[in-house]
Amino acid sequence: MVASGDGFPWLEAVAVFNTAVFLVHTYLDTRQQHALRLPAPPPVVAHLYSKEEFEKKRAYNQDKLRYSMVHGQWDFVLNTGLLLAGFLPATWRLAGALLARWGWDGEIPQTVAWVLIQACLSLVLGLPWSAYATFVLEARHGFNKTSPKTFLLDAAKSALLGCLLLPPVVAGFTYILQRSSPYVGLYLWAFLLALSLFAVTAYPTLIAPLFNTFQPLEAGPLREGIEELAASLAFPLRKLFVIDGSTRSAHSNAYMYGFGSNKRIVLYDTLIQQCSREQVVAVLAHELGHWKLRHMPKLLAAHQAVSLVQLLLFTLVRTSPSLFASFGFPAGQQPALGAFLLFNAVIGPFDEVLGLLSNLLSRRFEFQADAF
């Protein structure tokens, strides 16, 4: 790490690196475009597709890739422009001015307002892209089942959840950041670990039902087949649900959740509609393979180890005057959460390497679950 107070051009370094990453990703996407133009699938999997199925899948993936590339270009230009224009210090001052008008002060309230301003802008800027992906891209290929009313209700629910959940999380995180203890990195890590465990528990039981209806899978051959599979692996299946995924998309999916001996499996109704009993059980055999091979605990442990290292590195630069000055924060205006946000921008190279390693590990785990 560069020592604090040395005047290192952090902002310029981040902008240069982000540009390099964007160019590399664009190059890789261009290579993928060429791959998607191949007239036939590789011989090893050619028997799995009819010509019509292959053409449909190729057309859909080509459209998705074009959308992703244009969206990525927009995000790069926007984020780089905002970064260079001093978006972070400007919105920090705006948050302070708004609170002053209401007679409030203090770093924690200002930080909460700062994050909410950024979240609102992100939501507004992201809605058109989400609408296009849903009502144009997905609809063009017959996958969209979302009505405009459902789309708007989902957006409103997400915004309301953000307004309810973000303030206490940001306040708690900022409170810890304000501590000068040498163990602040450990405190932050413990806080984020507790938060992630809470999210894993709360999302399927409290949040997901706000968007989808969960019904127990009715008795029959499919339920019997799933229960037999779970019993053969000693998987502690307690509940088996079907959700109305068809109200939003024709895509199918399945997942499992729960801790210890209280496991639950969720099937999308589209999976049941599109697949035979044997195919649904095969999909779940893959998912249970992840459980049997303990992939999730391994990924969680790896993620927490990396998170701890990052937070310990953060403690080395969180009070660096040159870091704040480089991004446009004047002396005396150095919010605790701002240091964390800037640090995350600075360690971009580290994150890119971690992303590559994470993809390699995930790929390995997927092959192992397939083999299982």
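All residue numbers here begin at 1 and follow the chain in the order shown.
Cβ from N, Cα, C; glycine included.
In TrEMBL, the transmembrane segment annotation falls on 74-92 of the listed ranges 74-92, 226-244. Sequence-distant neighbours of the transmembrane segment (299-317) (same chain, 6+ residues past either end, Cβ-Cβ under 8 Å): 1-2, 4, 182, 184-186, 188-189, 192-193, 323, 339-340, 343, 346-347, 350, 354, 361-362, 365. Averaged across the domain 'CAAX prenyl protease 1 N-terminal' (35-213), the predicted model reaches a pLDDT of 92. In sequence order, His286, Gly289 are the residues near Asp370 (active site, proton donor), counting only same-chain partners six or more apart with C-beta under 8 A. Most other Cβ atoms within 10 A: among the binding-site residues His286, His290, that distinction falls to His290. Here Glu366 (Zn(2+) binding site) comes close to no residue that lies at least six apart in sequence on the same chain with a C-beta under 8 angstroms from its C-beta. Neighbour count (other Cβ atoms within 10 Å of the Cβ, all protein chains): 15 for Glu287 (active site).
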